[in-house]
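Feature annotations, reproduced from TrEMBL:
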TRANSMEM  B:17-34  transmembrane segment
TRANSMEM  B:46-66  transmembrane segment
TRANSMEM  B:73-91  transmembrane segment
TRANSMEM  B:111-129  transmembrane segment
TRANSMEM  B:138-159  transmembrane segment
TRANSMEM  B:179-196  transmembrane segment
TRANSMEM  B:216-233  transmembrane segment
TRANSMEM  B:239-256  transmembrane segment
TRANSMEM  B:263-284  transmembrane segment
TRANSMEM  B:351-371  transmembrane segment
TRANSMEM  B:383-405  transmembrane segment
TRANSMEM  B:417-436  transmembrane segment
Amino acid sequence: MNQPLRRLATVVIVMFVALMAGATWVQFAQAKDLNADPRNARTLYREFGNARGPIVVQGKAVAESVKVDDPFQYQRRYSDGELYSAVTGFYSIVNGSTELEYAENDNLTGRSDQLFFTRVRDLLTGRQPEGAAVETTLNRAAQKAAFEGLGDQEGAVVAIEPATGRILALVSTPGYDPNDLASHSSKKASSAYARLRDEDGNPLRSNATRETYPPGSTFKLVTAAAALESGEYDETSEIPAPVRLDLPQSTASIGNFGGGGCGANPITLAQALRVSCNTAFAQLGMDLGDDALREQAQRFGFDDADLTIPMGTATSHFPADANAPQTAQSAIGQFDVAATPLQMAMVSAAIANGGRLMTPYVVDRVRAADLSVVSETKPSLLSTAVSPGTASALKEMMLGVVESGTGTAAKISGVQVAGKTGTAQNAEGQAPHAWFTAFAPADKPQVAVAVIVEHGGSAGNEATGGRVAAPIARAVIEAVLNK
Amino acid sequence: MTTIEPHRVRAGRGSELGLLLLALMVGIGAYALVGLGVEGEVPADVVGYSTGLTALALLMHVVLRWRAPYADPVILPLTVGLNGVGLAMIYRLDLAYAAKPNHDSGFAGRQLAWTAISVALAAAVLILLRDHRTLRRYTYTAMVVGLGLVALPLVPGIGQQINGARIWAHIGPIGMQPAEFAKIALAVFFAGYLVTHRDTLALAGSKVLGLQLPRARDLGPIIIVWAASLAVLVFERDLGTSLLLFGMFVAMLYLATERLSWVVIGLLLFVGGAALAATAFSHVGARFEAWLHAFDPDVYGRSPGGSGQLVQGLFGMAGGGLFGTGLGQGRPDMVPYAESDFIVASLGEELGLTGLMALLMISLVLAERGLRTAIGVRDGFGKLLAGGLAFVVAFQTFVVVGGVTRLIPLTGLTTPFLAYGGSSLLANWVIVALLLRISNDARRPAPVVSALTPAGGIPVPAPQDDPTERFGRVR
């Protein structure tokens, strides 16, 4: 009976080898897929059970995980939740996560590939793994100035450091308190989500990055840039500026804001920008053609579907195919032209930086729990929007806007501010959006900013970009410049 | 040749003591780590716990020294190691359960009590059963007892259906899974029956496809056991026990007859029967469905009979990865029945693939030591009994762990020594006691063999007393 016993012993070994292979399949080969399965609540528990890294603004955590006595062990807390909601987003067991909480999840949980060695060390030393800290580029004072400037009005502010692309302020109003959504009580969290989802102004959606608006007259910067880049115009070139411009191929016509003239006819390019002359820019747009406008817009970042900061952004848009009257409308930022406030800040930032558009970003550094720097964002060139000559000509023209044009409300004593207003028609019967985009100081720009106040905010139909949006931009610039 | 000296054999009791201490360190260390991992401190009762576990292990060791001095020195430490790790894991789950409202806890205390009872029973077996061959006298008694135990859950008033399977019997306040004990009784019966009838069963019949089939008239016993297994499957809804008993029988049939045809016939019968049952009975079909389409949302969400528990177990093991979360750091309590049916998933999660591999190695070595015992022992009954018992421990581990890792369909068996459950623990400790008893016989030097030792020379191996049994010699 010994021979069959030996064979049986072999069979037993084969059975156990099969078990070991099965265990290896589950715990090694398939582990990643199993851990990623949405039904795997364990992944959630582990994520919530570990200390998630904080989101930091100038050395102070605005989102952090606090030890609590419940099955998840850590509760996400947001100090100044509403102020930073467009940046941090929220992190919730019930509602998922958004914005930085979503985009930087791998770093915040400590799971990213860059943190591999930290994980191995935690494993070997038995240390409780901790997520990495995400340090933002935000400037607390600028963020506050923007938030307070917008107040109860719906809108957004984006401020960028032109030389680097660092985002200094990113505010969307109405904001929301992420603490409500991060509650571990699924009833509380769901009802908070439902309430915010149905609220006017869609607080959960960031107006600054995920909403596009007609840019109105602020887009004249792009049209002017296209004109200067074509080589056929300079700031003294004269353009026809009638009170009303009849559009070809249609019965439509374009008038100026308030229905009057632009002070002269023809008018210089600089003068047209200073007073924001619609008829002149509409004519200029038709003369340049939609292709030239589109190309210029794209060099400023329009139609770039891949822009992440690292949160995703809505794509700003210039119409793909426009006839002459549509081109005339597009040249003054109407028709189907759509831009995020971030995009308009990028236009100013590019002009401020001698035409070089830097990639905007909000994550400065990622720091592991042991304070070692895991990654650091290096400023990078996104595109060359205009030549240095064009940039400097545009700057001079924008200085005129603030000095004695539509944007005088942005004046700061002792600082040269270059800006452009916009008052964008949107839906029929709705008050226009008030825009302002600017940078300062003109000789050595430190901040470029874009402001939108939806439907003119509290000023309603009386609102213009110069009156409603420019003071907010001024406050943000002052905050950055420490005035 | 004037003196007769017994050939000196290393009994191995010293090695056993050393290995026992190692096993105790593992078990007690795991217990302490659970406390550290869950509550940040060593459990308050660690001294009492260590003392108790050590006392139990030493009791068995002393009994072995006294009543079975030549018993295999590895079997007991392996068993103590598995039992200790299982206890630590159950204690860990207890701590998690205690934090949950409305969840039964206190499993660890009960398991420790069952361990004590099991060790006492195993010691009693070793003390009372001086020679395993005595059991052969009770061949048919064992059959009656075995079949009675298998059928017990079907008796109205005693049997109880829990979670769809009718495998529990309640007599007074005590509940047990009689199938666990039935496998010992049936092993005794099979060994006794087969050792008597092996020659008849091995007689050649017709040859089909190069396979020497047995004679048709000898198919009787296998058909009866097959029918009994299917009855278990159909009426008690217990795929695991059914597979276990039938697998043990086929293995022992093969050992006795050395005919591969029996294995082929057995496998065909079982697969055919199971396939038939799967189509005819929804609860068996559901098990296969849950195995094949575990991740299908419909199957996953179905309750009862869905794959939810299986998939949760897989999630746990995947979460543990290569090195595990560490004791007390995972969430094994999220899997239903994590302390019994799914203890392997719990261990895989917290000890990782590495820890699970180690535990599987321990189980494998335990089974192989049992088979080694079967090879070593001289009598046919002992060979069959040891071979059958060793195989059934290995096969049960295979069926459970294979089910949890989705290698085969999931069944309701418990992992020997690791899982929570008094019946399983008692039965498996008795198996260990029987294997130890038989191994004592296997490793004891042959009674009247002289060593021809020239003065100052090298000992010459004693002459083989039976050439056919030369593999049976003690190393």
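Cβ atoms here come from the backbone N, Cα and C positions, even for glycine.
Between the transmembrane segment (B:73-91) and the stretches B:111-129, B:138-159, B:179-196, B:351-371, B:383-405, the greatest number of Cβ pairs separated by less than 8 Å involves B:351-371.
Within its own chain, the transmembrane segment (B:179-196) has Cβ neighbours under 8 Å at 135-136, 138-140, 142-143, 145-147, 149-150, 153, 167, 221, 232, 238, 241, 244-245, 248-249, 252-253, 255-257, 380-381, 384-385, 388-389, 392, 414, 421, 423-424, 426-428, 430-431, 434, counting only residues six or more beyond its boundaries. Non-local neighbours of the transmembrane segment (B:239-256) in the same chain are 150, 167, 179, 182-183, 186-187, 190-191, 194-195, 197-198, 201-202, 222, 225-226, 228-230, 232-233, 262-263, 266-267, 270, 274, 284, 287, 374, 380, 383-384, 387-388, 391-392, 395-396, 399-400, 403, 409, 411-413; each lies 6+ residues outside the stretch with a CB under 8 Å from one of its CB atoms.
Within the same chain, residues 13, 16-17, 20, 23-24, 27-28, 31-32, 35, 76, 80, 84, 87, 112, 115-116, 119-120, 122-123, 126-127, 436 sit at least 6 positions outside the transmembrane segment (B:46-66) and bring their C-beta atoms closer than 8 Å to a C-beta of that stretch. Segment contact is absent for the transmembrane segment (B:111-129) and the transmembrane segment (B:351-371), given fewer than three CB pairs below 8 angstroms at sequence separation of 6 or more.
Counting same-chain residues at least six beyond the ends of the transmembrane segment (B:417-436), those with a Cβ under 8 angstroms from any Cβ of the stretch are 64, 68, 71-72, 75-76, 79, 82-83, 85-86, 89-90, 107, 110-111, 114-115, 117-119, 121-123, 125-126, 129, 132, 176-178, 180-181, 183-184, 339-341, 343-344, 347, 359, 369-370, 373, 385-386, 389-390, 392-393, 400.
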